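Participant: Here it is: the structure, laid out below.
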Amino acid sequence: MADNSKLTDEELIEIREQFAQLDTSGNGYIDLKELKDALDGVGYKIPQWKVRCMIEEYYDNGGKHGRGVNGSLNGDARRNGMSLVEFEDLCANLKAQQVSSTFKQAVSKKENLEHLGGMSEASSDGTTHSVRLEEQMAFSGWINSNLEHDPDLKHLLPIDPEGKQLYEKLKDGLILCKVINHSCPDTIDERAINKKNLTLYTKHENLTLALVSSQAIGCNIVNIDAHDLAKGKPHLVLGLLWQIIRIGLFNQITLEHCPGLTELLNDQERIEDLLALSPEAILLRWVNHQLQSAGVTRRCANFQHDVADSEIYSYLLKQIAPSDAGVTLEALSESDLHRRAEIMLQQAEKLRCRAFVTPADVVAGVYKLNLAFVANLFNQHPGLQRTDDAEEYHQLDETREEKTYRNWMNSMGVAPHVNWLYSDLTDGLVIFQLYDIIKPGIVNWKKVHRQFSKLRKFMERLENCNYAVELGRALGFSLVGIAGADINEGNATLTLALIWQLMRAYTLSVLTRLANTGNPIIEKEIVQWVNNKLQSAGKQSSIRSFQDEVLADGKVVIDLIDAIKPGSINYDLVLPGGNEEENLANAKYAISMARRCGGRVYALPEDITERKPKMIMTVFACLMALDYIPTMDAPVKPSSDDAVITETVETTEMYRLVEDSGWGMPTAEKPEPPPKPDNLSPLPRSNSEESIN
């Protein structure tokens with residue numbers, strides 16, 4: 001614990017007053033999402049990225065208090081509240097120029113942590129990053145086992161068992177692109193990946209493609225850029241890898257992939273209640289369901305301390321294993337926990353599920369790795385069969401549009417993570433965070449209920465949603481017939497209408513800042529820009545609107561990319577089009593090439609072939625943004641690799657204009673960017689918007 005004598009009486013009073021203002025629920029804790037506000041309020045101006053690192057380390061040390069989100073157990077035992085004593089300790093250490101405070105103190109006591117100094121000239125003195133060696137080994141092993149047969153990776157795999165080569169072997173972006181496609185198949189068109197005779201420039205293209213594609217599947221890549229990956233910064237590489245692998249593991253925990261999930265519903269619960277659960281919470285239910293089926297009285301509340309003795313794992317493996325697999329409870333006869341864990345993992349090996357954890361990881365209760373181990377078990381052997389007399393549930397599958405919106409929101413770094421749109425937006429908190437990204441300062445956080453009391457929970461959530469609709473109207477959204485109650489009740493049609501306008505406003509607001517014309521960009525101007533750009537590049541294609549039939553074969557988007565970055569498109573790979581198969585192949589190539597150029601495209605190839613005007617508008621807006629930002633991987637016809645480095649360093653500064661909005665690729669150790677402009681006027685409705693809506 002910190003020595004609070006470092007703080008004066010006046011400072012302590014100020015800290016306690018600030019804490020009391022943020023502790024609106026009066027439960028003695030402030031939400032970690034409010035940590036930066038709290039620190040700002042007492043005079044400690046800590047960059048946002050550093051606060052995020054502090055929170056991540058605090059989460060890594062969580063669980064011992066057993067508090068979940070909003071103080072309840074929801075399957076994730078990490079605590080999201082900070083007490084007054086902890087906040088005072090943090091401020092005392094910050095005053096002593098120790099940036100990491102109690103978070104660093106706790107993490108420093110952990111074993112197998114490698115502490116790395118700041119890796120850029122802009123790093124503050126004393127800045128360190130902790131790298132868990134278990135994760136390094138686990139992720140390297142996962143890559144070896146899942147990508148070992150890929151012919152494009154023969155020269156890179158296997159990575160050494162301890163993972164020391166991991167960072168070097170990821171520097172050309174090839175493995176990262178393959179990992180993304182393994183987690184989310186067909187995210188990246190293989191034709192867009194540079195595979196042979198790689199130069200510094202083509203490696204950078206691969207890393208950019210991997211980063212932007214990871215964002216498109218829902219990863220938060222704020223504070224990571226291609227240069228960080230090229231330098232092999234361990235804490236950033238491991239953070240990105242975990243997000244990608246986690247998404248892949250959780251992708252199959254859905255009703256679409258496992259209809260038997262309905263067996264996990266309790267009495268009186270609806271299918272929507274299951275969709276509202278986080279993947280971690282579903283996995284906990286699954287483990288306890290299997291324990292109950294095995295006739296075991298013990299239950300699992302977390303993937304840390306509760307699994308450390310291997311007892312739960314042993315019963316789980318026995319229950320889900322096929323009868324001919326030979327899985328036994330042999331481990332339970334061993335008293336030494338490490339030897340017991342090894343025997344348990346030998347049983348997991350019989351199911352080909354010995355991945356992510358070592359005996360030491362099990363005994364130590366390493367959260368990420370144990371979570372990954374259980375998710376892999378579920379994916380391989382769910383053991384959920386619906387009985388003939390099971391109650392019939394209306395199947396609710398996530399649509400492509402819903403998935404795109406969800407990935408967009410999660411990539412913005414909203415908290416909590418969005419799992420199901422129609423439940424996770426009902427309190428308005430995620431919507432407020434998006435408003436604050438679109439137009440910083442528009443949200444009066446004093447009017448927002450961030451924590452909810454037991455007695456007034458319903459009314460407080462509804463008040464939030466009413467305020468969210470009010471802010472939408474202030475931004476010029478078309479919200480006729482939409483009330484706060486519609487968002488609070490999860491009305492699908494009206495919720496989607498609001499989310500689309502949020503995404504549109506975000507896209508156009510970033511584009512407006514980049515254009516720096518003083519006037520908001522509207523859809524009509526984007527169409528004009530597309531045609532002018534195509535014409536100036538000598539292309540024959542053009543469009544009349546975002547619904548034009550010529551868009552279906554993907555060639556217009558391909559031509560536009562080549563107009564922005566001449567020579568980037570290999571036209572030998574472009575098909576004539578005209579039928580569904582060739583149109584889709586062209587659209588896949590177009591989306592991946594747009595991302596390889598740095599375009600933050602969330603749309604899917606099917607959005608182009610089906611001529612979905614909303615998503616097509618965002619594609620063109622992202623490409624238009626590339627024209628305003630000289631991208632770090634722009635061709636400069638260098639005479640050597642050093643020339644590329646010189647060019648990229650000069651253009652990096654352009655990204656600071658949009659760092660917090662997520663369109664740039666900032667480096668984690670750069671100084672905090674200057675405040676963003678707060679002069680955006682409400683976005684007007686263009687003549688073409690009626691057709692888009």
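For all residues, glycine too, the Cβ spot is worked out from N, Cα and C.
As annotated by TrEMBL, compositional bias 'Polar residues' applies to 684-693. Here TrEMBL flags 10-45 as domain 'EF-hand'. Taken from TrEMBL, the feature domain 'Calponin-homology (CH)' applies to 133-249, 277-382, 399-507, 520-628. The feature region 'Disordered' is assigned by TrEMBL to 657-693.
Could you tell me the structural context for the features on the list?
Facilitator: Using a Cβ-Cβ cut-off under 8 Å and counting only residues 6 or more beyond its ends in the same chain, the domain 'EF-hand' (10-45) has close neighbours at 4, 51, 54-55, 58, 71, 80-84, 87-88, 90-91, 94-95, 415, 445, 449-453.
Broken down by DSSP into helix, strand and coil, the domain 'Calponin-homology (CH)' (277-382) contains 66 helix, 0 strand, 40 coil.
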Participant: Run the contact check on the domain 'Calponin-homology (CH)' (520-628) against the domain 'Calponin-homology (CH)' (277-382): 3 or more C-beta pairs under 8 Å, excluding pairs closer than 6 in sequence.
Facilitator: no
Participant: What are the helix, strand and coil residue counts for the domain 'EF-hand' (10-45) according to DSSP?
Facilitator: 23 helix, 3 strand, 10 coil
